[in-house]
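Encoded as structure tokens, the structure appears first; notes follow it.
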Amino acid sequence: SQVSLEEESQNPPAAGHWKPLMPSKGDKEEPEGGCQDAGGVHEPQSTEQLNVSRLRSSSVEIREKGSEFLRDELHKAQKELKLKDKECERLSKVREQLEQELEELTASLFEEAHKMVREANTKQAAAEKQLREARGKIDMLQAEVTALKTLVITSTPSSPNWELHPQLQSPSKGGFRKGHGRNKSTSSAMVSAASQNVAPEPVSRECREVDSILFAEFQAWKESPTLDKSCSFLDRIYREDVGPCLDFTKQELSELVRVAVEQNTLTIEPVASQAVPVGKGAAEECGGPKKCALSGLPRTCKHRITLGDSGNYYYISPSCRARITAVCNFFTYIRYIQQGLVRQDVELMYWEVMRLRREMSLAKLGFYPSEM
């Protein structure tokens, strides 16, 4: 038994394992001593093993709790990332919408700016055109006022100017004035008479008598002068003189000429020193230096007309020019009366109107001065 105890002491049992010893009956104290020795040897090892196992269990528990905590934090971080992704997506859409609205606004502003510039250029061009026309009318009116001042100063009802009013001369001194220095439709017969020194040709003795109906119509018109052709005075003259005088072979162009004369926008100019223009109208429509645009007949055309601002030139024969000039002289004189520029007796104005009507009648019959 002692040998076995020594062997057991040399080969201790495994840690955490207690091997019971069965003491013999003859020797009771040795097993107790042996048990104390064995217990003193294995007690520290078991404590250390318990501590290690506790540490291992606590580390496992800590690891599990740590991993659980990290999983929770990971879930939270993932949720926050999802929320941030959604917020970024929303902000991206807002940015794209704002950029699109900004582009549309910029395009609309540029378009509006270009539109305003075009309108401003159009208005500026129209204003410049009106300014040029106004200056031209001012120059024309100044010349006419100067001529009218000369007429008013040198001719009164008590002492008329015989050179300016040959129709008022006595039969022995009277004469039919021929010649017409006219380039613009707005010039007057009085200015033409004052600007030309054409010697009157003697004609046969003539007598005059006022027609009561015509004079009454003129007096009624003189009380309230107007250019409306619905009044009896102008209606008669339109039917008897103006209409037939401006009735040419080319009906369409004749109507345009009549409207331009009424609106005071017709211009007559000589073409002797000017080249043949290449205008908008065709050569057949505008005629040419050898063809009249109004009559369509082969005639030597020394003058051409323009209607308003059309830019087209129409060559006219001397006969057509005389007819247009006679009508223009009539309209110019009644415009002077309407504007209050003619300060004469009613009867003298009536005879001047009759003289202008006679010129229209002679022109429409084909009579015109050789200077035409």
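Cβ atoms are placed via backbone N, Cα and C, with glycine included.
If you check TrEMBL, you get these features:
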{"type": "COILED", "residues": "67-151", "note": "coiled coil"}
{"type": "COMPBIAS", "residues": "44-58", "note": "compositional bias 'Polar residues'"}
{"type": "COMPBIAS", "residues": "159-172", "note": "compositional bias 'Polar residues'"}
{"type": "COMPBIAS", "residues": "184-197", "note": "compositional bias 'Polar residues'"}
{"type": "DOMAIN", "residues": "65-149", "note": "domain 'GDP/GTP exchange factor Sec2 N-terminal'"}
{"type": "REGION", "residues": "1-58", "note": "region 'Disordered'"}
{"type": "REGION", "residues": "159-197", "note": "region 'Disordered'"}
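Summarising model confidence by region, the domain 'GDP/GTP exchange factor Sec2 N-terminal' (65-149) averages a pLDDT of 89. In terms of DSSP helix, strand and coil, the compositional bias 'Polar residues' (44-58) has 15 helix, 0 strand, 0 coil. Across the domain 'GDP/GTP exchange factor Sec2 N-terminal' (65-149), DSSP helix (H, G, I), strand (E, B) and coil residues number 85 helix, 0 strand, 0 coil.
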